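Under the heading domain 'G-protein coupled receptors family 1 profile', TrEMBL lists 41-290. Taken from TrEMBL, the feature transmembrane segment covers 26-48, 60-78, 98-120, 140-162, 205-226, 238-260, 272-292.
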Amino acid sequence: MGRHNGTTVTEFTLLGLSDLPKLQPFLFVLFLCIYLITLAGNALIISVIKADRQLHTPMYYFLGNFSLVDICLSSVTVPRLLAQIISGRKSISFVSCIAQLHFFILVATMEDLLLGVMAFDRYMAICNPLRYPVVMSKRLCALLVASCWIISSLHALIYSIMASRLPFCGSTIIHHFFCDIPPLLKLSCADTTTYELVIFTEGSLVVMSPCILIIVSYIYIISAILKVSSKEGRSKAFSTCFSHLMVVILFFGTDMFTYFRPSSSYSLNYDRVVSVMYTIVTPMLNSFIYSLRNSDVKRAIQRAISRTLQ
């Protein structure tokens, strides 16, 4: 439990996104619609990949897992936010706050790692097409996903333990709509230099490793694509990577902006807006990017609709 003037802190107050009463119905409807679209879009991708044998490949195995993680990422924050808006109750228990923090970091880290694995998969498919079926076996794909879950769980455990040991000697009002590390560091009355050092070192290692893997993979991928003589071949190769690259830019851009800077530079109001992007909006956009920009998924959806109508 956290400490508050020598006593145990039992709960925090989440300020949410806005205190304006007239704005609450609009925010509720907006985020409910986004959440339902996120659930439906990602569930559709998972169902189509599972049902269509032509999509039983490493690329779509990872995409199915990524869609599942998108559902989890949105579900960690949005249901409580909706309940808070409709009930007006802003308090959250200390244990619930740490639990939300733990599961949020777990699934957010899982997204980071999966994006790195998906980049490696595209590198193998484009740069080593002959070895691809042998290297990217079902066993290796399952092992990669399992490793991502293990690393994410350990990473989240470190952060949740750190957060649970922070002392709180003043206000217990969290200027955010969910429990996250930056606002908790801002709220703590202790010197958070050690905590920030852990975030910059261990956090950088976990988050930047897949980022570096993505950059290196795409250097080789672009180099290989530029060597393709036919325009049609280059276009097809680029199209298989475009969706992934869009998601990488969306997720890593907001992720790094939020976490990898000193707590003294945090702008809590601005950070809340950025957090909405990568916790609520991005999981919804991912389903559109991977369904509308991916010809294989679109054809699989069309085949599924045709079978249903028959």
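The count begins at 1 with the first shown residue.
Just so you know, glycine gets a Cβ as well, placed from its N, Cα and C.
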Per Cβ pairs under 8 Å, the stretch of 26-48, 60-78, 140-162, 205-226 packing most closely against the transmembrane segment (272-292): 26-48
Listed stretch, out of 26-48, 98-120, 140-162, 205-226, that has the most CB pairs under 8 angstroms to the transmembrane segment (60-78): 98-120
Contacting positions for the transmembrane segment (205-226) when only residues 6+ beyond its ends and CB under 8 Å are counted: 109, 112-113, 115-117, 119-120, 122-123, 126-127, 151, 155, 234, 237-238, 241, 245, 248, 252, 255-256, 259-260
Beyond the flanks of the transmembrane segment (26-48) by at least 6 residues, Cβ under 8 Å: 17-18, 55, 63-64, 67-68, 70-71, 74, 78-79, 81-82, 85-86, 280-281, 283-284, 286-288, 290-291, 297, 300-301, 304
